[in-house]
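Engineer: Handing you this structure, nothing more for now.
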Amino acid sequence: MGSLVFRRPFCHLSTYSLIWGMAAVALSTAQVEVVTQDERKALHTTASLRCSLKTSQEPLIVTWQKKKAVSPENMVTYSKTHGVVIQPAYKDRINVTELGLWNSSITFWNTTLEDEGCYMCLFNTFGSQKVSGTACLTLYVQPIVHLHYNYFEDHLNITCSATARPAPAISWKGTGTGIENSTESHFHSNGTTSVTSILRVKDPKTQVGKEVICQVLYLGNVIDYKQSLDKGFWFSVPLLLSIVSLVILLVLISILLYWKRHRNQERGESSQGMQRMK
């Protein structure tokens, strides 16, 4: 006599509870989000950082901190109870310019090198839950570029220098053979870097009338600075030296002739005076 076998799906309540619990936690975590945006501003200008909390729970207090190597440093807090509270080290430097518990903004009135870095905004909600976001501030200084050239007896120097923050890079376009290139960098106390590149042309006559291009790479952009080498400048230097030498020679000859003539006149007058006395 055969036996009947009944199969039914296995269902364990603890397993389903665990799955649903994990899903609920993931869903609640996904609903809490802090939206931030990094900023890049010019040095010694006004800069603002903003945080937005995306949750239905009402925050109790918003705290801004600066990230440091050892531990974050408290800067300012805002709450409905106490309003804006700025730490002594940041007074007259920053303020909360957007007063809100879901949206908060801090503003640096005159950015300095110390203000560059990353900042955390912490939202304390009911139940002592803390949610944070990070926004970074980067400061820059636009490039100041100088391009010029100098002729020497046996070579030509073409110099291109750029000062900026962060450090720029220099390259050349339109150069030929027989040219040496040297580049050096100098760091300044104001956070900028000067990069100087010098082209040394062994035969200057080959570059007269041509155009050289100094290319400055800065923050992903390349800017061309053009310089045309004066066509007549190289030949005018020897000519000018010859003219100056000739003029000096003529002046010396004129002085010598005048001196001799004046001396002869004095001798003649002296002889006539002696004859009259006799």
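From the backbone N, Cα and C atoms, a Cβ is placed for every residue, glycine too.
I grabbed these lines from Swiss-Prot:
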- 1-30: signal peptide (SIGNAL)
- 31-141: domain 'Ig-like V-type' (DOMAIN)
- ASN95: N-linked glycosylation site (CARBOHYD)
- ASN103: N-linked glycosylation site (CARBOHYD)
- ASN110: N-linked glycosylation site (CARBOHYD)
- ASN157: N-linked glycosylation site (CARBOHYD)
- ASN181: N-linked glycosylation site (CARBOHYD)
- ASN190: N-linked glycosylation site (CARBOHYD)
- 233-259: transmembrane segment (TRANSMEM)
- 260-278: topological domain 'Cytoplasmic' (TOPO_DOM)
Engineer: Which residues does ASN157 (N-linked glycosylation site) neighbour through Cβ under 8 Å, counting only same-chain ones at least six apart?
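Structural biologist: Non-local contacts for ASN157 (N-linked glycosylation site): TYR149, ASN150, ILE198, LEU199, ARG200, VAL201.
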Engineer: How many neighbouring Cβ atoms, not counting its own, are there within 10 Å of the Cβ of ASN181 (N-linked glycosylation site)?
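Structural biologist: There are 13 of them.
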Engineer: When the Cα-Cα distance from ASN95 (N-linked glycosylation site) is computed for each of the glycosylation sites ASN103, ASN110, ASN181, ASN190, which gives the smallest value?
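Structural biologist: Nearest listed residue in space: ASN110.
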Engineer: Give the helix, strand or coil assignment DSSP yields for ASN103 (N-linked glycosylation site).
Structural biologist: strand
Engineer: List the glycosylation sites among ASN110, ASN181, ASN190 whose C-alpha is within 10 Å of the C-alpha of ASN103 (N-linked glycosylation site), in sequence order, or say none.
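Structural biologist: Of everything listed, nothing lies within 10 Å of ASN103 (N-linked glycosylation site) (Cα to Cα).
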Engineer: What is the interatomic distance between the Cα atoms of ASN190 (N-linked glycosylation site) and ASN181 (N-linked glycosylation site), given in whole Å?
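Structural biologist: ASN181 (N-linked glycosylation site) has its Cα 28 Å from the Cα of ASN190 (N-linked glycosylation site).
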Engineer: In whole Å, note down how far the CA of ASN181 (N-linked glycosylation site) lies from the CA of ASN110 (N-linked glycosylation site).
Structural biologist: 39
Engineer: Can you give me the average pLDDT across the topological domain 'Cytoplasmic' (260-278), rounded to a whole number?
Structural biologist: 67
Engineer: Counting across all protein chains present, how many other Cβ atoms fall within 10 Å of the Cβ of ASN190 (N-linked glycosylation site)?
Structural biologist: 12
Engineer: Would you mind splitting the domain 'Ig-like V-type' (31-141) into helix, strand and coil residue counts from DSSP?
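Structural biologist: Once the DSSP states are binned, the domain 'Ig-like V-type' (31-141) shows 7 helix, 68 strand, 36 coil.
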Engineer: What does DSSP say about ASN190 (N-linked glycosylation site): helix, strand or coil?
Structural biologist: coil
